[in-house]
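Below is one structure, written out as structure tokens, with a few remarks after it.
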Amino acid sequence: MILKMSNNFKVIVFVKIALLFLFSSAYNDALFQPFLKAFIDNKFVNPWQFYFEHNLNLDSFPYHSFMLLVLTPFSYLSALLNIGMIFKMPLFLADLGILYLLLKFFPSKSNRVYIFYFLNPIVIYSIYIHAQLDIIPTALLLYSIYLLTLNKNRYSAIILGLALATKFHIIIALPLILFYLHKTNKILEIYKYFAISLSVFLFLDLPFLFSEGFMQMVLLNPKQSLIFNSFYHIGAVKILLPIASILLVYFHFYNQNKINHDLLYFYFGLLFTAVIFFIYPGPAWYVWMIPFVAIYFVQNKNKEKSLLLYSAFSLTYLIFFLFFHKSEYADVLFLGRVINLKIENENMANIAFTFLEVILAAIIYAFYKYGIKSNSIYNKHLNLVIGIGGDSGVGKTTLVNNLQSILGDKLLQIEGDGEHKWERGDENWKKFTHLDPKANHIHKQSDAIYGLKHNQTIYRCEYEHSSGKFTEPKKVLPKEFIVIAGLHPFYLPKLRKNIDLKIYIDTDETLRRHWKIIRDIKKRGYSHEKIIEQIENRMTDAEKYIYPQKEFADMVINYFSINEYTIGQEGEAINLGLKITFDANIPIEDILNNLDCSFEWDYNYDLKTQFIKLNEVPNTSFEKVAFQCIENLDEIVSYNCKWEFGYEGFIQLLTLKMISEQLKLENR
């Protein structure tokens, strides 16, 4: 539901627009609007320099050039129609933009998004009553981060440059973004991102950057020095607490092995909350953290504690800023008249501010304990190895390709045929079949998998089925996920030990023969008779060396045919069934609840495994189910993952579920 025009939404919008009309502040009426009017009246000459040269109020507009450009058309319309509220419409539009993004993040939690963001008292007061502008750079930053999570790095960099050119405090977000790009192995993208965002910022600011007025009103604005006002003395020097808190967040973020999207947003929330904690801020500065705090509250499973902390934060904020915060200009105007609710009592002001700071500290703790720490569930130290075994022609390559589709560049494929001892036509093949482990370098294969699992580079040959020859040894770099598919992945105990997820494909023999005949005729150029002869010659070795490996599998995939068909006849219409037997420790009730086909599910009598049997092809959107049922899925899958349909999509989903459980097991 994206900005669905419900009655509740309409009421909230009406109230907010009414507040824009009724309320304002001296910041808006006496500073921002006259500054924009002077810019328009003077035919768009440098307004900062104009104010400086004419000894006007240098507090009028401490924002950068893009903020000026955003407000200019609304200022013109406001003056033309003599409706002051029009000037503040960009604030409303930015507010809607943030709401839109949050509803995209949480389409099934729209009510919580409305409660924790769109009805947020801090946003309502600081933007709609106090009429400050900070929601505009905040909306741009959130959109930039959203584009970053979609891997649209260039667009993200452009939007970040625009955010910097509205208010420069956004610069503290840039290192987190660059670290994120580094964590996702996009080293070149770091330089591109930095260059693009900085170029956009300089392109917009450059016409004004070196003017004395811009330097005094924007770059050297007294508010900039607040970062130096909170410190801890050590001898003759000071530890600047805001800077220290920023650096601590950077270092903690950089030390994370894996960063998912939730963690990324939580770190931005932690960053801005920590900065505000150590600075005596204005009312609108809290808006910097609100979208990220809202994301935390929306996701938090403890609804009562979330609502309590949210309410306490809102209440302490309103008490302090309505009654005790002292500003240079009137905080609240109602229809142009000053509303002064201030209480002149220093002790009460200190108590109110202390309560607000304590709540901020609680939010920082919540971000870390229940946001960042609880989301670090895949903090693994070794690469994860997936083994796929089974006889020739059962569908191992298809499964490998389907895993490649969802894991992308994170997956390294190792084909077991590269460990054959001899090339095609060698005399030894008259004594051995390919299924005989003695005809394969299985110990060499085991050593290679061990090295890759422990992040070591190896060199290995590949077997080319088209020519029957081996390639020259090639350098193989380890990746986050490694899949070894072949005839003997579970044969050696030491190799089994290094494979984290063992998948055995146990296709019914008649169906296996059918698939193998079609494949070997099309891709390997074998005759029908030769393939049948090869199958029969290998049956003894299959029963001796291949089938027993099924005993060690964590998942057994069994394809079977429901109808009759002609073996080896391409184009035969086969009605397939699927049975998957797997570890009983894997919870799948949430997955089963989303299946749109009939199935049979039960635990086996061995008290170790469970099975699910499908007699019809599901038409489920497995991508949607995966994101609902697998925690932090974006840590596992590729950003451009491709999901299959039917049985293959279901196997992708179940495999990812098992990968997730295995990764969590490693982190315990």
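Placement of Cβ uses the backbone N, Cα and C atoms for every residue, glycine included.
No curator has checked TrEMBL annotations; they are predicted automatically.
According to TrEMBL:
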| type | residues | note |
| --- | --- | --- |
| DOMAIN | 385-562 | domain 'Phosphoribulokinase/uridine kinase' |
| TRANSMEM | 76-103 | transmembrane segment |
| TRANSMEM | 115-146 | transmembrane segment |
| TRANSMEM | 158-181 | transmembrane segment |
| TRANSMEM | 193-210 | transmembrane segment |
| TRANSMEM | 230-251 | transmembrane segment |
| TRANSMEM | 263-279 | transmembrane segment |
| TRANSMEM | 307-325 | transmembrane segment |
| TRANSMEM | 348-368 | transmembrane segment |
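Comparing 158-181, 193-210, 230-251 for CB pairs under 8 angstroms to the transmembrane segment (263-279), the maximum falls on 230-251. Non-local neighbours of the transmembrane segment (76-103) in the same chain are 1-3, 16-17, 20-21, 24, 28-29, 32-33, 36-37, 40, 70, 110, 113, 117-118, 123, 127-128, 131, 133, 135-136, 138-139, 142-143, 146, 291, 294-295, 298; each lies 6+ residues outside the stretch with a CB under 8 Å from one of its CB atoms.
With pairs at least 6 apart in sequence, the transmembrane segment (115-146) and the transmembrane segment (307-325) have 3 or more Cβ pairs within the 8 Å limit; the two touch.
Within the model, the domain 'Phosphoribulokinase/uridine kinase' (385-562) carries an average pLDDT of 90. The list of residues near the transmembrane segment (158-181) in space but at least 6 beyond its ends in sequence, with Cβ under 8 angstroms from a Cβ of it, reads 63-67, 70, 133-134, 136-137, 140-141, 143-145, 147-148, 187, 189-190, 193-194, 196-201, 203-205, 218, 246, 249-250, 253-254, 259, 264, 267-268, 271-272, 275, 288. Under 8 Å from some Cβ of the transmembrane segment (348-368) lie the Cβ atoms of residues 266, 269-270, 273-274, 276-277, 293, 296, 300, 309, 312-313, 316-317, 319-320, 323-324, all in the same chain and six or more residues away from its ends.
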